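Working notes for the structure below.
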Amino acid sequence: MKRAYNFNAGPSALPLEVLEKAQAELIDFKGSGMSVMELSHRSKEYDAVHQEAKALLCELLNIPENYDVLFLQGGASLQFSMVPMNFLAEGQIANYVLTGSWSEKALKEAKKVGQTHIAASTKESNYRSIPNFDEIQLSENAAYLHITSNNTIFGTQWQDFPSFENVDLIADMSSDILSRPIDIEKFALIYAGAQKNLGPSGVTAVILRKDLLERIPENLPTMLNYKTHADSNSLYNTPPTFSIYMLSLVLNWVKEIGGVNEVQKRNEQKASILYNVIDESNGFYNAHALPGSRSFMNVTFTLPNEELTKEFLAGAKEAGFVGLNGHRSVGGCRASIYNAVPLEACEALRDYMISFKEKH
Ligand code: PMP
């Protein structure tokens, strides 16, 4: 068996150990005589999985007691709507920092709910950077400030997070949650689709400060109200049981390899291998993101022209690399190097990049 060098942007690589564990438990989960997929979501076997996933996320991310963890469906995209529906009250203004396509999409949904304001944007430079904190201009009556911590498509990432007195920070962390330690208390709410660092698609993790639940209007559709899910431990309706099971395995894996600090160390090493090739290529490879804003999760780069890009990608495919095509809005190439992408895959890509450059 040969595993692909998987650089997909999401769904993306999962740790081999996790897949093997799921395989071993697939047909008979802990003596139940059935797979996790076949368990009732009200069974004690499933409940243990659900609680473990939640407890491990709290442990690994150091989530304080006054926060709740929810497992929802609808992807990060549904959070684009749920956040303003729950927290943008009449007379308030939702503030957004635009750092890429996903922030634009989040803003678009907020506009359908109420008043919005663009607090900062790097669109003019085709989202090559994250704004400086002093460029963020909040509106009056700000309901919250929304940011995208890692911009999957453009390959930029917030290295640190701003704090504003009396304005809650909300972050879409879909593509970098669990990749580094974060100070949860800087945020009122964090959401992330699982399919990059947390597991397979199908579940969205939401971490929110409990006092926010008091602000939610009562007339929201039940399923779109965070309180519904907080009050029922994310078991109001049938949760995506298999995705949550896979999440628990991924979290166990992170814990076993040394937690989020170790993961961060590995990610920095992986990313620097690729950025070094780019920086030492005398302009043959060009990083889309400016230094200081570069993502440790999605390394975006271009080649001198379209023809070389095509040849690079064709050769990469032949050499067993998957998912290196850049998103159409940036062009070029993108290597997504989430937690589960091993160092060896990055080293192999580095070697391929060097030899491709030498040949041309
Ligand atoms: N936000 C970010 C930063 C993303 O990368 C993605 C998906 N690639 C989304 C939101 C949308 O997530 P979903 O497909 O789970 O709705």
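Using N, Cα and C of the backbone, Cβ positions are placed for all residues, glycine too.
Curation does not apply to TrEMBL; its annotations are automatic.
Since the structure is predicted, the reported quantities are computational estimates derived from the model, not experimental observations.
Residues A76, S77, W102, T152, D172, N237, T238 are given by TrEMBL as pyridoxal 5'-phosphate binders; from Q51, Q137, Q195, that same site also lists Q195.
Between the CA atoms of K196 (N6-(pyridoxal phosphate)lysine) and D172 (pyridoxal 5'-phosphate binding site) there is a gap of 13 Å, rounded to the nearest whole number. Within the same chain, the residues at least 6 positions away from W102 (pyridoxal 5'-phosphate binding site) whose Cβ sits under 8 Å from its Cβ are A76, T148, N151, T152, I153, D172, S174, listed in sequence order. In this structure, none of the recorded positions R42, K196, N237 sits close to ligand 1 with a C-beta under 6 angstroms from any of its atoms.
Counted over every protein chain shown, other Cβ atoms within 10 Å are most numerous around Q195 among the binding-site residues S77, Q195. Compared over the recorded positions R42, K196, the count of CB atoms lying within 10 A of a residue's CB peaks at K196. On its own chain, T238 (pyridoxal 5'-phosphate binding site) has H41 as residues at least 6 apart in sequence with a Cβ closer than 8 Å to its own Cβ. Reported as a whole number, the C-alpha separation between R42 (L-glutamate binding site) and N237 (pyridoxal 5'-phosphate binding site) equals 10 Å.
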